[in-house]
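Undergrad: There's a structure below that I have some questions on.
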Amino acid sequence: MLFGVAEPELVDVVVVGLGVGGEEVAERLAEAGLNVVGVERDLVGGECPYWGCIPSKMMIRAANALAEARRVDGLAGTAQVQPDWAPVAKRIREEATDTWDDTVAAERFVGKGGRLVRGSGRLDGPRRVRVGDQVFEARHGVVLGTGTRPSVPPIDGLADTPYWTNHQAIEVEELPESLLVLGGGAIGLELAQVFARFGVRVTVVEALDRVLAIEEPEASEVAAAALRADGVEIHTGVRAERVEHDGTRFTLRGGGAEFTADRLLVVTGRKAHLAELGLDTIGLDASQRYLPVDDRLHVTDHVWAVGDITGEGAFTHIAMYQAGIVIADILARARQAKAGADASGTSSVVGGAMGASSSLAASGSSGSAGTVPRADYRALPRVTFTDPEIGAVGLTEQQARERGINVQVGFTKLASSTRGWIHRVGDDGFIKLVADADQGVLIGATSAGPAGGEVLSALVVAVHAAVPLSQLRHMIYAYPTFHRAIETALRDLS
Ligand SMILES: Cc1cc2nc3c(=O)[nH]c(=O)nc-3n(C[C@H](O)[C@H](O)[C@H](O)COP(=O)(O)OP(=O)(O)OC[C@H]3O[C@@H](n4cnc5c(N)ncnc54)[C@H](O)[C@@H]3O)c2cc1C
C-alpha cells in the first residue's frame, strides 16, 4: 500500500464474471497452468445453472410429462393426472442449485488452480481490475464475462410493484393461481407453458404482433397454438402502459385492455450493464447496448469478452463456443510470450506464466495466434423448449430476403410425415428450409415438432458445412423418423 493506494498484484489473467463463459475460460486457463484470478459477485456458474437453462428445463421436463400423460386418452386408455409442483421445486432446489449455493463450482475452480475473488470487478486502466481494495494487473489480459440481467421496460408504475423476473419464477415453491407474463419471447413462452400445465391461469402479453417474433412466422403460429391448447391466453400487439399492484393482485393496462393476475412475470429481454465495468478507464464507450468484439472476441488489446455481454446471442452454447476461442487465443499468446522470454533469457523477469511453462507446453495449445479459430455465427442454433420444440438455425426467410439473397423456401408439415401421422396427438410442427439458390446450400432452417431441437442437428450441420443441396437430396433418411421430413421439405424447395 502506497499512500493508501493498493499496489497491483501481478497475475496472468483476470476473468471478471464467472458465468458460463467466464467460468469455462478461468477454469481451463487455470488447468493449463496460468495464474488466473476469477472475480464473481454472486454465484460461480452464473445464470444458466441457477436461474436459467437447467432449472427451466427441469420444469419443462416435468410439465411435458404431465402433457404426455394427458395424451394417454385416445391413444392408450385413460389416465388421471394430478399435478404437484412440490417435486419440481424440490428437484430444482436440491439437484440443480444446491439451494442456490455455488460451493461445488467454487471448489472445482479452486481445485483446478484458480483463485476465486468474491466481489464486483471493474477495469482500472489497461490490464488492471479492481475488486474493492484489491487491484490485479493481468500480464496476458482481462476477460469480461459479466453477462446480462433482465431488461425491465420503463412502464408507468411497474418499478414500484413486486413483479417477478426469471429469478422468482425459477425459485417459486408454491404456484400462484394466475400469472401474467409480459413478453412473448422464448423464455416467456417456455415458462408460460410450464405454469399452465401445472394449472396456473396464464396470460401472455406481447407488444409485437406475434410471439417468438425473431423466428419464422410459422413457428410463432405453432407455438401460439400449442400454448392456447394448454389454456394460455395470448394477447399480441398490446403495449403495456401501466402496472399496478393493490397488495394482492397485479393489474396491467395497455391497448385499451386490462389484465389482472396474482403474479406478474417480466421477461422482456436482457441487458448488459456496461457502465459498471470501468470501460472508460481504457477509453471505451460504456453507453453501448453490448460490448462489440472481433472474431477472436477481442474488445481491445488485452481485453476479451465472452457470452451474453457480446450481443452475439444469449445462449449458453454461444458463451461456451466463444470461451473456446478465447482460451486458445490466450494460451497461444502465453506460449509466444514464454518462447520470447526463453530466447532472451528473461523468463524470470516475465514471471508467473513462466512458472507454468511445463503445463502450458503439455496443454497442447496452439503455438501461434494464426491457428486460433475465428468465431463464425452463420450456423447459430436456437431452440425454444416449448412443446412442440422450435429449433432454428441461421437466417429466417425474411432475413435472407433482406440481404438480397436469391432465396428458395421448402416447407412441410410434420403431421403429413409418416412419423407425424403415427404420433398423432402432439404432432404439430414443420420443417422449413431457406436456401441460397445461387450457392445451392441451406442458409437457414426451422424444425418445429415433438423433437424439434434434436431434429435441428442435421440442419445445423448442413448450414455450418454448407453441404450442397444435391448431396442433402441424395442422403438416406431413416424411416419413419421425424427428421425424414427434411427430405420432403428439400423436395419442396422452389
Ligand atoms: C430462464 C432462462 C432460460 C434459459 N435457457 C437457456 C437454454 O435453454 N439454452 C441456452 O443456451 N441458454 C439459455 N439461457 C441463456 C443462458 O443462461 C445465458 O446465455 C448464459 O447464462 C450466458 O452466460 P454468460 O457467461 O454470458 O453470463 P451469465 O451466466 O449471466 O454470468 C455472468 C456472471 O457475471 C457475474 N458478474 C456480473 N457483473 C460482475 C462484476 N462486475 N464483477 C463480478 N461478477 C460479475 C454475475 O454475477 C454472473 O454470475 C436461458 C436464460 C434464462 C434467463
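Cβ atoms are placed via backbone N, Cα and C, with glycine included.
What TrEMBL says about a protein is an automatic prediction, not a curated fact.
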Undergrad: Which of G113, G114, G119, G269 does TrEMBL put in the same NAD(+) site as G183, G184, G185, A186, I187, G188, L189, E190, E206?
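TA: TrEMBL names G269 for this NAD(+) site.
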Undergrad: Within 10 Å of each Cβ, count the other Cβ atoms, then let me know which of the recorded positions C48, C53, I187, L189 comes out lowest.
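TA: Per-residue Cβ counts within 10 Å for the recorded positions C48, C53, I187, L189 bottom out at C53.
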Undergrad: Mind checking which of G121, G183, G185 has the fewest other CB atoms within 10 A of its CB? They're the binding-site residues.
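TA: Relative to the other binding-site residues in G121, G183, G185, G185 has the fewest Cβ atoms within 10 Å.
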Undergrad: For NAD(+), what surrounds G183, G184, G185, A186, I187, G188, L189, E190, E206, G269 with a Cβ no more than 8 Å from their Cβ centroid?
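TA: The surrounding set, listed in chain order, is V181, A192, V204, V211, L212, V267, T268.
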Undergrad: Quick one: which of the binding-site residues (G183, G185, L189, E206) have their CB closer than 6 Å to ligand 1?
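TA: From G183, G185, L189, E206, counting a Cβ under 6 Å from ligand 1 as near, there are none.
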Undergrad: For the binding-site residues E206, D308, which one has the sparsest Cβ surroundings, going by other Cβ atoms within 10 Å?
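TA: E206, out of the binding-site residues E206, D308, has the fewest neighbouring Cβ atoms within 10 Å.
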Undergrad: Taking helix as H, G and I and strand as E and B in DSSP, count the residues of the domain 'Pyridine nucleotide-disulphide oxidoreductase dimerisation' (381-489) in helix, strand and coil.
TA: 38 helix, 34 strand, 37 coil
Undergrad: Can you check which residues sit near K57 (FAD binding site), meaning Cβ under 8 Å from its Cβ, same chain, 6 or more apart in sequence, and list them in order?
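TA: Residues satisfying the criterion: F385.
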